[in-house]
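Participant: One structure, pasted below without further comment.
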Amino acid sequence: MSKQTLILLYGGRSAEREVSVLSAESVMRAVDYTKFFVKTYFISQTGQFIKTQEFSSRPTLTERLMTNDTIRLEQQIRPSDIYEEGAVVFPVLHGPMGEDGSIQGFLEVLRMPYVGTNILSSSVAMDKITTKRVLESAGIPQVAYTVYIEGQDLDRCLAETEAALSYPVFVKPANMGSSVGISKAESEEELRAAILLALTYDSRILIEQGVLAREIEVGLLGNTDVKSTLPGEVVKNVDFYDYQAKYIDNEITMAIPATIDESAMTSMRIYAETAFKAIGACGLSRCDFFLGQDGQIYLNELNTMPGFTQWSMYPLLWEHMGLNYAELIEELVRLAQEMFEKREGHLI
């Protein structure tokens, strides 16, 4: 039986490109090589597409993918050169120009099946402000927030935020993930500085009420028939779960399943599946919740391309449900092919 070609697209132009490399290396080691032949393509920080390694068997633990530090520009190709009939693309890309609909649109123009959510749901979920407004219309609870858009009166935003929220607040670029550019502010001075920092990553800024809460995550998998995992908890040894804690210091542990009561567990799974459908998602996502000390549940974020590193919550959640990493990849590929056939059918 011939092997299915799986193309890993990784790297990218966003500030989350280092996470993408870690995720892609984890995927390339988890693949079942009796069923797949893996090709990898690196997208550099400046946007070049570089042809990199190919694998017909599991790479060694010392094998590393190309990065911006080891780039070989003589291997640069045209973006459209990744096309291969029958291949499935796994865009292991995080953040802007990766999970915001850009790559998804490019792959649809190439007529290639790809793992993950479609153009619309990717772009909606990428923007935290838009996501909140869509989920509000679906009746899903969220923490109170205000918004600052670059060019607006900053002093007025500060005054409106102080009137609507209480310190501490968290300031986030609307179109970033992996906790990049997020700051905690406990005064007007810190809030101003946090907004200015976030503006270096995005022109749309979300300011959220800080809540004393546990961070609980639910994995989602499927197309029209979506399935959810039991919730898992991010147990932190830090003030908040920032990029440094997630990917460098690794100052977190995972509790799977989370030790929460059954009603909260059920509610989170229902909210997660509702959110997935509300944005028109397909393939996969991870829903991140806050569980307040009073038992109140808030949906914090919908992540359409969660991390796939060896310590990432998403694959661990599915492993607990009885779907190991290799089987998860195989199912994601199947879902990608299913959606591709459906999209193509709609164009006839």
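Just so it is clear, glycine is given a Cβ too, placed from its N, Cα and C backbone atoms.
Sequence annotations record features per position, and here Swiss-Prot assigns ATP binding site to 162-217 based on sequence analysis. Per Swiss-Prot, the feature Mg(2+) 1 binding site maps to D288, E301; the stated evidence is sequence analysis. What Swiss-Prot lists as Mg(2+) 2 binding site is E301, N303, and the listing cites sequence analysis. According to Swiss-Prot, the domain 'ATP-grasp' annotation covers 132-334.
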Participant: Would you list, in sequence order, the binding-site residues among V169, L197, D288 whose CA lies within 10 Å of the CA of N303 (Mg(2+) 2 binding site)?
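Facilitator: Passing the 10 Å Cα cut: D288.
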Participant: Including all protein chains shown, what's the count of other C-beta atoms within 10 A of the C-beta of V169 (ATP binding site)?
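Facilitator: If we count other Cβ atoms within 10 Å of V169 (ATP binding site), we arrive at 25.
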Participant: When the Cα-Cα distance from D288 (Mg(2+) 1 binding site) is computed for each of the binding-site residues V169, M176, S183, L197, R204, which gives the smallest value?
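Facilitator: The smallest Cα gap between D288 (Mg(2+) 1 binding site) and any of the binding-site residues is with M176.
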Participant: Which has the fewest other Cβ atoms within 10 Å: S183, N303, the binding-site residues listed?
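Facilitator: Sparsest of the binding-site residues S183, N303 by Cβ contacts within 10 Å: S183.
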Participant: Report, as a single number, how many Cβ atoms besides its own are within 10 Å of the Cβ of D288 (Mg(2+) 1 binding site).
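Facilitator: Its Cβ has 19 other Cβ atoms within 10 Å.
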Participant: Give me the Cα-Cα distance between M176 (ATP binding site) and E301 (Mg(2+) 1 binding site), rounded to a whole Å.
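Facilitator: The separation of the Cα atoms works out to 11 Å.
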Participant: DSSP three-state call for V211 (ATP binding site): helix, strand or coil?
Facilitator: coil
Participant: At the Cα level, what's the spacing in Å between L197 (ATP binding site) and E301 (Mg(2+) 1 binding site), rounded?
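Facilitator: About 21 Å separates the two Cα atoms.
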Participant: Which Cβ among the binding-site residues (M176, V211) has the fewest C-beta neighbours inside 10 Å?
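Facilitator: Fewest other Cβ atoms within 10 Å, among the binding-site residues M176, V211, is found for V211.
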Participant: If you draw a 10 Å sphere around the Cβ of E301 (Mg(2+) 1 binding site), how many other Cβ atoms fall inside it, taking every protein chain shown into account?
Facilitator: 19
Participant: Specify the secondary structure state of E162 (ATP binding site) as given by DSSP, simplified to three classes.
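Facilitator: E162 (ATP binding site) sits in a helix per DSSP.
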Participant: So if I draw a 10 Å sphere around the Cβ of R204 (ATP binding site), how many other Cβ atoms end up inside it?
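Facilitator: Excluding its own Cβ, the number within 10 Å is 18.
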